[in-house]
Amino acid sequence: MAHQAHAYHMVDPSPWPLTGAIAALLLTSGTAVWFHFHSLTLLTLGNILLLLTMYQWWRDIIREGTFQGHHTPPVQKGLRYGMILFITSEVFFFLGFFWAFYHASLAPTPELGGCWPPAGITTLDPFEVPLLNTAVLLASGVTVTWAHHSIMEGERKQTIQALTLTILLGFYFTFLQGMEYYEAPFTIADGVYGSTFFVATGFHGLHVIIGSTFLAVCLLRQVQYHFTSEHHFGFEAAAWYWHFVDVVWLFLYVSIYWWGS
């Protein structure tokens, strides 16, 4: 390896951005094909390619940051800014869903019966499963903060316990959301209410799955002694993402489940 007289990481050529982009194309087009033609082939291929890309890209970053020492303080600063900008872009992504929901609900058209929820729609009780889901996610926010403080204080066992609990709560939330979808008295095809409900809560559910995976990787790394009290940005980024998912759910709960019902 050539000598470098600066603290910045010159990244080696990598195939993973390309394979990740192809996986994203297959996932989005595969979802459309699944909706319209009931074929899961493209969606399955996209998922397999995405999982392979995630595994190998994360593996390479761990090698560069943990074992080769490329993640110097200036590089970590850049990663922090990158994560902040990514979460900001996600805020605007969800803002679009809230905009669609409020556009439809604040001035319902005659086609909807001039009321919200639209005529013929039976809404979900906000004080049953949705309230339980809120409690589960808020509890997971507490446990991920516990894990963060444990890492900073060098409490290895407590970090593992707190991370495990957070991941289990994330999986429990996903299970409850899946049951709610299965038993819902309306579908994504039931007009603007069904589409805004399932798209907004569905994308949030997808983010919970992504966040749970992110935290699971952090748990494996913690077990392998990758994190120290000074060097643990991989976990910090996962914790920021998880808190973002928590906050989005609170807005979804208040807007769609409680006010919207």
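Note: Cβ is positioned from N, Cα and C throughout, glycine not excepted.
Note that the structure is a prediction, hence the values are computed from the model and not measured.
Features of the protein shown, as given by Swiss-Prot:
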TOPO_DOM  1-15  topological domain 'Mitochondrial matrix'
TRANSMEM  16-34  transmembrane segment
TOPO_DOM  35-40  topological domain 'Mitochondrial intermembrane'
TRANSMEM  41-66  transmembrane segment
TOPO_DOM  67-72  topological domain 'Mitochondrial matrix'
TRANSMEM  73-105  transmembrane segment
TOPO_DOM  106-128  topological domain 'Mitochondrial intermembrane'
TRANSMEM  129-152  transmembrane segment
TRANSMEM  156-183  transmembrane segment
TOPO_DOM  184-190  topological domain 'Mitochondrial intermembrane'
TRANSMEM  191-223  transmembrane segment
TOPO_DOM  224-232  topological domain 'Mitochondrial matrix'
TRANSMEM  233-256  transmembrane segment
TOPO_DOM  257-261  topological domain 'Mitochondrial intermembrane'
Same-chain residues at least 6 beyond the ends of the topological domain 'Mitochondrial intermembrane' (184-190) with a Cβ under 8 Å from one of its Cβ atoms are 121-122, 124, 197-199
Helix, strand, coil residue numbers for the topological domain 'Mitochondrial matrix' (1-15) per DSSP?
-> 0 helix, 0 strand, 15 coil
Same chain, outside the topological domain 'Mitochondrial intermembrane' (257-261) by at least 6, Cβ under 8 Å from its Cβ: which residues?
-> 101, 105, 116-117, 123-126, 130, 197
Please give the average pLDDT for the topological domain 'Mitochondrial matrix' (1-15) in this predicted model.
-> 78
Same-chain residue ranges lying at least 6 outside the transmembrane segment (233-256) that approach it to Cβ under 8 Å | 62, 65, 71, 76, 79-80, 83-84, 87, 90-91, 94, 98, 101-102, 126, 130-131, 133-134, 137-138, 140-141, 144-145, 147-148, 151, 166, 170, 196-197, 200-201, 204, 207-208, 210-211, 214-215, 217-218, 221-222, 226-227
Where DSSP helix means H, G or I and strand means E or B, what are the helix, strand and coil counts for the topological domain 'Mitochondrial intermembrane' (184-190)?
-> 0 helix, 0 strand, 7 coil
Who are the long-range neighbours of the topological domain 'Mitochondrial intermembrane' (35-40) in its own chain, taking Cβ under 8 Å and residues 6 or more past its ends?
-> none
For the topological domain 'Mitochondrial matrix' (67-72), the DSSP helix/strand/coil residue counts are 1 helix, 0 strand, 5 coil
For the topological domain 'Mitochondrial matrix' (67-72), could you work out the same-chain residues 6 or more beyond its ends whose Cβ comes under 8 Å from its Cβ atoms?
-> 7-9, 79, 231, 233
In the topological domain 'Mitochondrial matrix' (224-232), how many residues does DSSP assign to helix, to strand and to coil?
-> 0 helix, 0 strand, 9 coil
